[in-house]
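Residues or ranges marked as GTP binding site in TrEMBL: Gly24, Leu25, Asp26, Cys27, Ala28, Gly29, Lys30, Thr31, Gly78, Asn134, Lys135, Gln136, Asp137. Per TrEMBL, Mg(2+) binding site is recorded for Thr31, Thr56.
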Amino acid sequence: MYTLFRGLWSYLSQRDEYSILILGLDCAGKTTYLEQTKVNFMRNYRALPLNKITTTVGLNIGHITLGGVRLKFWDLGGQEELQSLWDKYFSESHGIIYVIDSVDVDRFDESKEAFDKMIRNPALDSVPLLILANKQDVSGAFPVAEVNKVFCDSMRFVGQRDCTIRGVSALKGDGVSDGIRWMLDKVKKNAHQRPPTQEDIA
């Protein structure tokens, strides 16, 4: 009987947790996107002032709870010398958010190269992928359709996984919530391939 109650308590005191990587080149807007995610889904959360958001050197971690599920975000630095650390997190991730600076056309090739290397890693097989064409609020930003053309030949590496490309403004928050809800839906759908971890409810 004790074992039964212990198992029931364990079930009731835990919830599913999915780990989401936020990747992309430095200055693409990854940390701003994470901040807006927390603003949108965490009650009374105070976002960092824009002048306090700096280029990530290493790792930022954030958490939200949505639909009874906990999402843990790993925002990794995008500088070339830090990209070699990305694959250390692949095997534990349930979803990938790849952020592209839609304004910095000169770095599209560099971003595409980093994307191709990432998506071809077998440790990410089946993992849902959300591609964000960020900074759509800025004059001169490439529209989503044009960014998609730049990355279209990379799509052969995507395979059968769930994947979408969307325009966002991390700065203003436009499109942030919709993307997060899409990701939550897809990681839950993919749970048979990548089961969630269990997080204790405090």
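Placed from the backbone N, Cα and C atoms, the Cβ positions cover glycine too.
Mapped onto this structure are the features recorded in TrEMBL.
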| residue | record | contacts (Cβ under 8 Å, 6+ apart) |
| --- | --- | --- |
| Gly24 | GTP binding site | Lys30, Gly78, Tyr98, Val99, Ile100, Asp101, Ser111, Ala114 |
| Asp26 | GTP binding site | Thr55, Thr56, Gly77, Gly78, Gln79 |
| Ala28 | GTP binding site | Gly78, Val99, Ile100, Asp101, Asp104, Ser111, Asn134 |
| Thr31 | Mg(2+) binding site | Ile53, Thr54, Thr56, Asn60, Asp75 |
| Lys135 | GTP binding site | Gly29, Asp101, Ser102, Val103, Ala141, Ser169, Ala170, Leu171 |
| Asp137 | GTP binding site | Ser169, Leu171, Lys172, Asp174 |
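The local packing around Lys30 (GTP binding site), expressed as other Cβ atoms within 10 Å of its Cβ over all shown chains, amounts to 30. Just so you know, of the binding-site residues Thr56, Gly78, the Cβ with the fewest other Cβ atoms around it within 10 Å is the one at Thr56. Our reading of the GTP binding annotation (Gly24, Leu25, Asp26, Cys27, Ala28, Gly29, Lys30, Thr31, Gly78, Asn134, Lys135, Gln136, Asp137) yields a largest Cα to Cα distance of 22 angstrom. Classification of Lys30 (GTP binding site) by DSSP places it within a helix.
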